[in-house]
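Everything on this sheet refers to the single structure shown next.
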Amino acid sequence: MGDSVGHDHDEDGFRSGLARGELLVPVCRQCGAVLDYAQRVCGECGSAALGWRQAEGRGVLRSAVEMSVSYVDSLQAPYLVASVRLAEGPHLLARYAGTWDDVRGGQPVNALVEDGALCFKPA
Ligand SMILES: [Zn+2]
């Protein structure tokens, strides 16, 4: 994998990570703090020099919704979308490869990157 910090903090950084099979979280290059995905300035030190680093791939389920329409060909409705808080802190929405029986607030989940797409599975 090599050094996963130091990519330009562009919108494509996250997607390029997924394309390589890596889940990345935004980090401040100045102080190392992990940021939320929408942040453009570090809340700790005010720096706008942001980069990416690989996430552990663990998180906690906060909520889920069932999608009844397929917005992309690769996802056949109905499917679940989960709101997950990653172990590093940031929040993400992604497909949930579980069932309603696995939907409990606080359910530990693991991130899975397959074919450039992220999903979460019950841990
Ligand atoms: Zn910082």
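Quick reminder: no glycine exception, Cβ is built from N, Cα and C everywhere.
Quick look at what TrEMBL lists:
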- 15-50: domain 'ChsH2 rubredoxin-like zinc ribbon' (DOMAIN)
- 52-111: domain 'ChsH2 C-terminal OB-fold' (DOMAIN)
* Structure fact -> For the domain 'ChsH2 C-terminal OB-fold' (52-111), the averaged pLDDT of the predicted model is 93
* Structure fact -> DSSP tally for the domain 'ChsH2 C-terminal OB-fold' (52-111), helix/strand/coil in that order, comes to 3 helix, 31 strand, 26 coil
